[in-house]
Amino acid sequence: MIQHHSLSSQCLNQSTSLLSYLMIFLFCPSEFNFFLVHCFFCRGSAVAKIIGDNVKKLQKFASTVKMWVFEETVNGRKLTDIINNDHENVKYLPGHKLPENVVAVANLGEAVKDADLLVFVIPHQFIHRICDEITGRVPKDALGITLIKGIDEGPEGLKLISDIIREKMGIDISVLMGANIANEVAAGKFCETTIGSKVMENGLLFKELLQTPNFRITVVDDADTVELCGALKNIVAVGAGFCDGLRCGDNTKAAVIRLGLMEMIAFARIFCKGQVSTATFLESCGVADLITTCYGGRNRRVAEAFARTGKTIEELEKEMLNGQKLQGPQTAAEVYRILKQKGLVDKFPLFTAVYQICYEGRPVQEMLSCLQSHPEHI
């Protein structure tokens, strides 16, 4: 039985079902004081595991990794007590031991105090509140890296999560995206990932903190494209799941992936403020993450169930994800509003079809019509 306790943050305005999996990690080094914000299923725990192991070997980092955890009661015990005594996040990453230097802290203020490096891994809808709460509690010259796969909307259309953090906190932010299924990362299976940083020195610092022999990192300066790839691929994965639910076959899914990639590139070229390098889409953050998500991710899996059962996304979130929110449909809705504002809906038929099927009651079969009449075929 799981019970939820109060959270000393403005996130209380959100639903309990969404908050039930919100956690944040913090790590503190010697030359730097590091803060890791984590949430959302097991991805943050996998990253905390890597950081905990690495800081024990790297002298510039202190050996203790503090982790802010949304306090919950699991089987009669506080989650923080379980993590600190059993060294396992039994709810979000069961079966994988965390290093003993990873310490769970229930108080956000205590966790972020004097932190110089911040790692954000939370659902993107919480980023405004989290930034508001921790601004002023960390040094002005702190550095951050975000693993958040989502976007926001602003007056001019697209608003990247890194931009929100940068504007609210006044710190430099790098991004990390890639084909990194959390359970495989935690198990030490080989994978690649991409860090995008507008200040290369900062990106290389985070590479030093995070890289292992089985977690290989490439650093590029095309940070906005790296971040956008991590958000948009979830929309494509929903489309791939629809095709799986319709039993369309591997050829059709390949078309979804290709056309989805084309729309990702086109979207980036329109909305990214800086130069967009096509080569970035060939990094792990691009085509590799897209393929992995379209075959092994939760967005694909829930979308397949949506197509086969006729249940709503919300019903499937409760049944399949313990009420956790799927990022693909939410990102599709945000992208659709941005495209509509700019009069570009017709230019992105795959993104639009995913939104309309998820939120406007359009039949799943329209996914095939979208592919058949896609502008790439004209």
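Count begins at 1; order follows the chain as displayed.
Quick reminder: no glycine exception, Cβ is built from N, Cα and C everywhere.
According to TrEMBL, the active site, proton acceptor annotation covers Lys233. Its Cβ taken as reference, Lys233 (active site, proton acceptor) is surrounded by 32 other Cβ atoms within 10 Å in the chains shown.
Taken from TrEMBL, the feature NAD(+) binding site applies to Phe70, Phe126, Ala182, Arg298, Lys325, Gln327. A 10 Å cutoff on Cβ-Cβ distances gives Phe126 (NAD(+) binding site) a total of 22 other Cβ atoms nearby, all chains included.
Summarising the annotation, TrEMBL assigns substrate binding site to Lys149, Arg298, Asn299. Its Cβ taken as reference, Asn299 (substrate binding site) is surrounded by 25 other Cβ atoms within 10 Å in the chains shown.
Summarising the annotation, TrEMBL assigns domain 'Glycerol-3-phosphate dehydrogenase NAD-dependent N-terminal' to 44-201.
Per TrEMBL, the feature domain 'Glycerol-3-phosphate dehydrogenase NAD-dependent C-terminal' maps to 222-368. Assigned with DSSP, the residues of the domain 'Glycerol-3-phosphate dehydrogenase NAD-dependent C-terminal' (222-368) fall into helix, strand and coil as follows: 117 helix, 0 strand, 30 coil.
With respect to Phe126 (NAD(+) binding site), the closest of these recorded positions in Cα terms is Lys149, chosen from Lys149, Lys233, Asn299. Arg298 (NAD(+) binding site) and Lys233 (active site, proton acceptor) have their C-alpha atoms 12 Å apart, to the nearest angstrom.
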